[in-house]
C-alpha cells in the first residue's frame, strides 16, 4: 500500500448511528502509525462531510507510537452510517498504520421525503400549554423552499422557509397585511449542502429562541407580534405553503410540535393528516470536488479528435472569492488559449489567438456569494455563448471554434509545467465544482479519484468543503461580515467600534475619561460599558475647574404650568439616554443630582397631614419607585421645604395657600434618580395654581477611572474570579512604576493562559495560548517605562488577531491561525500584580483596570489584601502639563485639577479665555489694599513696593487715542498703556508710560508696530525689573513679535493728561488681562462680590479674545456624525477637527513661522547692535508727550493717593 495523502480507512456501521468518539492505534509491533488525520462522515457513502471542532479545526492529533490508544471525544455527536479516516501525517520512519474504533449509540428517527410536489397537512387539536416548541431536522436538495407553514386563530401564522441556503423565520399577524409586512429573521447559511440540519423554535416568555445546528438567535417579540406566538396553531402545512409555489425538495426527520411526533402520525395514517409522501430519504448523487489552495488542480482529457462542428463545457461552482481561474485550455493545434475566470465576482472569458485581437466576454455578477452557480460555455461555427445561471449570458461570433484542443485544466495550472500547455495569468480558484460535462459527456469524478482518468493534486473529491465564516458572525456590535475562502472581514463603519471584530469601543466610558485626555467641554459620545453590549450615546460634558459634569437632558426642562383637571394626570420624562445607559452612568458616577422646582398656590401634598398623597414623583432605575418628598424635603418625609421649616401658610395641609411659593431643591439620592414622571392627583381645588420644572440629570466623577492599587512587594497580588473571554478579550489599564519588570496580569487554564507583563524597562509583552501554541505580541517604547509616570496599555485578543497598544504608539498585531483553536479556556483565579507562583510580581501602581468593559474594583480588594494598598496618588507628574496659562496642577484624592487662581484664564485646564466688551462708560478698578486702610509710613512702603511686574493682555478696538490700563502706587508711581496717534500718516502706536520714581520724570516706551486700532486682536506683554521696562507685542494679522527695548523719552507732569485721556473711556474688548498673578477682568466678571473690584458702567462677557493665535490653523468644523471611521475619539464631537486640513495647515504654519522667525532673529540682532550705541545717549523728553487729544478735565476719575490700584 502506498503511503500518501490520498489513502483512507472507511467503516460502514450498517445503519445510522450516533457517533460520540473515535480512538486510533498504530499497526501492532511496527513503526507504522499516523500522527494526524481527518474525519469524514456520510449517510450514503458519498457526499462526505468533514468533521470540524470549534467550527474550523479539521485536523485530529494521532498517535506517537504503535500501541498506545488516543481517543477524541466529539464536541458535537454526529449521526452517520459511514465513517472515513484520512491520514494526513505519519511516522516518517514508517508507513501509514491504523486501527480505528468508534463509540456511540443507536439512533431512531422518522423520515419523510418531499420531492417538490408532495406535501403534508396536519390538523392540530387546540392545546393549552405554558410553553411551545417545534423541532425538526431537514436535508435539502435545493437552496430555497418552504419547510413548514402553521396557521392559527385570526389568521396568525408562522413560517420556516429556506431562502438561498439561509433559514428564514416569518411571523405574520393576520392575512390582511401585505406580504412585505411579516416580521422576518434569518440564521445560518449553506443549508443546501445535502446534509442534515437541526432546527428548533422555542417560545420563552417575551421572546423566541431560534436554533439552527449550533447557532442560536434570540428573537424579541414586538408588541404587535406577541400574540402570534401565543396563539394555538390549528393547521400545519409541511413542505409547501398554500399561498405560494415555493415547495421544499428534500427530507424531513423527527418533526415534533409540543412533544407530538407529526411524522409518526403520518406514518400511521392518522385521520388528522393529509398528504402523499414516502417515508424514506432518497437523494440524487452529486459528486463535488473542493479546490482548497494554490496547489489544487483538476486535469481532464479534452479528446484527441475535437468535434469539427463545435463543443461545450458545463459546470457548477460555488465560492466566496471574487477572483480565481475556473478553466483554461489550448485551442486545437495550440493556435490559441482560452481562460475562463472570475474577476470582481463576475465571470470573464478571454480567448487569445496570435495575430488577432483578444476576444472577451463577461457574464453574471455577485458570483462570490457562496451559492451554486451554473456555467455554460458553448462554441459553434461563428457562434460563442457564455451563460451564467441559465439566464445571464454574453455572445460573440468568432471565425474559429473555441473548443479544447487538448487537456482541460480546472482551478489552476501545475506548479511545474515545461511545455507551456497551461499558463495561469490569474489567481488560483478556491471553492467547489460539480456536474462537469465536456462536449455533453458527464465527467465521472469518482474515476478521477481512483486514478482511472485524468489527474488531480490537492483536491477533496466527493465533498464540498466550503465553510461560512460569517455564520455565526464573529463581528460584534452589528459590524457587517464579509469573507473569502480562508478568512473573514468585519466592516465596523457606523458602529462606534473598531478592531478586527468590531470589539473595542472608539469612545471613552465617561466625561472624566475625556478630560483625562485633555479635552474641554463639548458633546461627546460616551460608551459606558466599553466593549459591552450597551451602545454609545451622545452626551454633553461640562468640564469645570474642579469637577467634570455629565449632562443628560430630557424632553421637558422648561418651567411648565399645570392646568386644572378633575382626573389629575401623570407627566413622563423621556431622557436622551436609554435605560441601560442611564443606570450604568449613574452607578459609575461619584455623585448625581437633579433639580426639581415646584411653583404652587393652594396646592396641598396631602388631604390631611396623615392622609394619602395627592402628588408624588417616580424615580430610580427601571419602572422607578414612588417618591413623596418635594424640593428641599427629606427622602420619604411626604413634605416640601416649607413644611420642614414650618413656614407654610396652611400647616394643616402642609401647603402655601394664599401666596405663590417657590419650592426648589436638588435631589441627590442616586437610587431615586432620574426623575421619570410626576403624578398629580386632584388638581381641581378652588384657587389651585402650580407649575413644575425638572432639570437635566447631572452626574460627576468616575469611580472606575481612578480606582487604583499599589503593589509594595513582588510577592503581593490581588485575585479575582476567572476571566471569561473565550472568543473576544480586551484588557486596558494604566500603570506607573520604578521597576524594570513585573507581571501585571495572569490567568491560567489546563493548557491555555493569558498574561500581560513588563518584560523590560522599555517593553510590554502580551502573550496567550488558546491551544495553537503560545502567541506573543510586544511593543517597545523607545523610552523608559519605569519613570513613575502613568502609562496606558490596551490589549485585545479575538478569533482573528491579537493587538497591543502602549500610550500613543502604533499598535502591534499578530494574526491568529485561520483554522486553529479559537476558544480561550481558563479555570484558575485571575491574578493582578503577580502570578500564582508568586514570582516576577509587579511593584508599582495599577489603575482603571477593565476587562471586556467591566472595571475591577482594585481598591475594595486591596483593603483586605496584605502587601497591597488601596489608591495611588501622584497624578500631576503625568497630567500637570494639561494645565495651561500659568494654571497650577493640584493633586486630588482620586483625581487632579487645574487651579486657575493665578491665571487670566478659566476652565478645566485654564484654557478658556475671559474677555470683556467695554463701552465708553465702562471701567474696572482693582484695589490692592483696603480703601479704608491707614496710609503706611515710608519704611513700610519701601517693603511693600514691588521691584518687578509682569503684565499681559489682549485687546481689539477701533478707537484712538485710548487708555487701556493704568497702575498706580502710594508714592504716585504709575505705569500706563495707551494708544496714541503719531506721525503725519496718523498711525496709532502703542505706548507704555511709566514713572518708577516720584523724584524723576516719566518715561515712554513705544512699539514700532503701527495701526493698533484696526479691530484685529493684539497681544501685549510688559515686564519691568527695577527701572528697565520691556514691551512685547504680538499681532495676529502680522505674525511679527517685537521683543526689543524701544527708545526712552523723558517727560514730566504726565499724570493729569492721563487722567484727561481716561475720561474719553475705552470702546473695544480686553481679554486675558494679568498683572503678576492677579486677573482683574476675571475677578470683576466671575467673582465681583468677593473680589476688591469696583465696576462702573455695563460689563458684558465677550468672546473677542478667543481667536486662534495661529491664523494658519486648521479649519474647525462642527461634526455631529457617529461614523466610526471619521470620528476622533479624543476631541469633542461638536469641535472635531478634520485631520487632512489640520495636517496641511500645520505644515504651512511651520514653514511660514520658520521663515518669519529667522527674519525676526536677524532683525533683532541688527537692532541690538544698533541699540548698543543709541542706549549710551538716552534722550528724555519733558512735558511734551504728544498726546493727540484736547484738554478736558475730569475730577471724578482722579486717583486716590491712599491706595495702590489697577485701573482699566
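Each Cβ is built from the backbone N, Cα and C atoms, and glycine gets one as well.
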Identify the transmembrane segment range according to TrEMBL, selecting from 1142-1167, 1168-1193.
-> 1142-1167
Mind pulling out the one from 287-464, 466-503, 707-872, 873-911 with the most Cβ pairs under 8 angstroms to the domain 'Laminin G' (109-281)?
-> 466-503
So for residue 872 (disulfide bond), how many other CB atoms are inside 10 Å of its CB?
-> 24
Hey, does the domain 'F5/8 type C' (1-105) touch the domain 'Fibrinogen C-terminal' (502-554), meaning at least 3 C-beta pairs closer than 8 angstroms, sequence gap 6 or more?
-> no
Counting each residue once, how many in the domain 'Fibrinogen C-terminal' (502-554) are helix, strand and coil under DSSP?
-> 6 helix, 21 strand, 26 coil
Sorted by position, what residues of the same chain at least six away from residue 845 (disulfide bond) have a C-beta under 8 A from it?
-> 708, 709, 710, 711, 735, 736, 737, 872, 874
